[in-house]
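Copied over from Swiss-Prot, here are the features:
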| type | residues | note |
| --- | --- | --- |
| BINDING | 83, 182 | heme b b562 binding site |
| BINDING | 97, 196 | heme b b566 binding site |
| BINDING | 201 | ubiquinone binding site |
| TRANSMEM | 33-53 | transmembrane segment |
| TRANSMEM | 77-98 | transmembrane segment |
| TRANSMEM | 113-133 | transmembrane segment |
| TRANSMEM | 178-198 | transmembrane segment |
| TRANSMEM | 226-246 | transmembrane segment |
| TRANSMEM | 288-308 | transmembrane segment |
| TRANSMEM | 320-340 | transmembrane segment |
| TRANSMEM | 347-367 | transmembrane segment |
């Protein structure tokens, strides 16, 4: 009798993706983040669905409905904080996943990488719109400031902003459409993730050495299923600890004040995972220039394959590039810190320096260093 796992049309797809998938024998824990992101996405969709059952997207009742969820709904507080901190977990995994791709040269799989960049943009858009929904002070002013950036686009800017707002300011129409988009986008993200996997399975996974691993493959199950379960348990433990011990650690206290268009908070800032991009935006005095830099800070990932000048794929055996990679990581931490600081001396100058270093490292210093390494290796 034929094995149903290998003959059934649906099971065949599952089998070739998660069971009999040939995987390199030497992939490290840095390859766990794909599955962790999948778990994050499923958790966010499920908790979000239950929140949407009790949430009302109306300016008069949005804040109250979130309070109602936390106070009156069975385990509503748990669902709400799992959703809010689940987003933070999602971005931690995303940043580590992208960092892994940069370090080990996974960006050489062009289609997979470009879909990944699209995914990053989609998840960032989803998270931004989700932050607006509780309709606290930071929700309202964050939405006002970030959507207002589009007015920097020449000629159509002002019309575009008013079209997105559905009026002359962030109001009921804005909140309603943001809720609609926030609900639908995760399903688009799930579809994109499917395409991401489809392209990945065309080539197979990269590995830490960056060398071809076709001669030494092992089945995904049981080796990497067990490894992924361990990673998932560690992540779930971290998320549970955050949710149960300090659920507001990563949030802004201002968001516990209902939105008030007549009162601007002293420091308008987004969630921690956007602070690096926000710092780059603020470090440019010109509005349009700032918006371009903001978009480019993420879009620059798409051109990284074109900037790969090294003869080796991975950074595993390239100590100079390794040093620069960790300088880039330190620079991103610096930008994140600056994004949360007020716009005053010395933070402005530090932010400008960190922004210049960020773009210089990626566009100039790292490709040049790779060429020097080629020379040193006489390749």
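Using N, Cα and C of the backbone, Cβ positions are placed for all residues, glycine too.
Feature map: Swiss-Prot annotations on the structure.
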residue: 83; record: heme b b562 binding site; Cβ neighbours (10 Å): 21
residue: 97; record: heme b b566 binding site; Cβ neighbours (10 Å): 20
residue: 182; record: heme b b562 binding site; Cβ neighbours (10 Å): 21
residue: 196; record: heme b b566 binding site; Cβ neighbours (10 Å): 21
residue: 201; record: ubiquinone binding site; Cβ neighbours (10 Å): 14
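If you measure from the Cα atom of residue 182 (heme b b562 binding site) to that of residue 201 (ubiquinone binding site), you get 29 Å.
Only sequence-distant pairs (6 or more apart) were considered; of these, at least three Cβ pairs between the transmembrane segment (33-53) and the transmembrane segment (226-246) are under 8 A, so the stretches are in contact. Beyond the transmembrane segment (347-367), the same-chain residues lying 6 or more positions past its ends with a Cβ under 8 Å from any Cβ of the stretch are 279-280, 282-284, 293, 296-297, 300, 304, 307-309, 321, 324-325, 327-328, 331-332, 334-335, 338-339, 341.
DSSP assigns the residue listed as 'ubiquinone binding site' to a helical segment in the three-state reduction. Between the transmembrane segment (226-246) and the listed ranges 77-98, 178-198, 288-308, 320-340, the one holding the most Cβ pairs under 8 Å is 77-98. With a threshold of 8 Å between CB atoms, the same-chain residues lying at least 6 positions outside the transmembrane segment (320-340) that come near it are 99, 102-103, 269-270, 272, 274-280, 282-283, 310, 347, 350-351, 354-355, 357-358, 361-362, 365-366, 369-370, 372-373. Residue pair residue 196 (heme b b566 binding site) / residue 83 (heme b b562 binding site) shows a Cα separation of 24 Å. Residue 83 (heme b b562 binding site) sits 20 Å from residue 97 (heme b b566 binding site), taking the Cα positions as reference. Between the CA atoms of the residue listed as 'ubiquinone binding site' and residue 97 (heme b b566 binding site) there is a gap of 17 Å, rounded to the nearest whole number.
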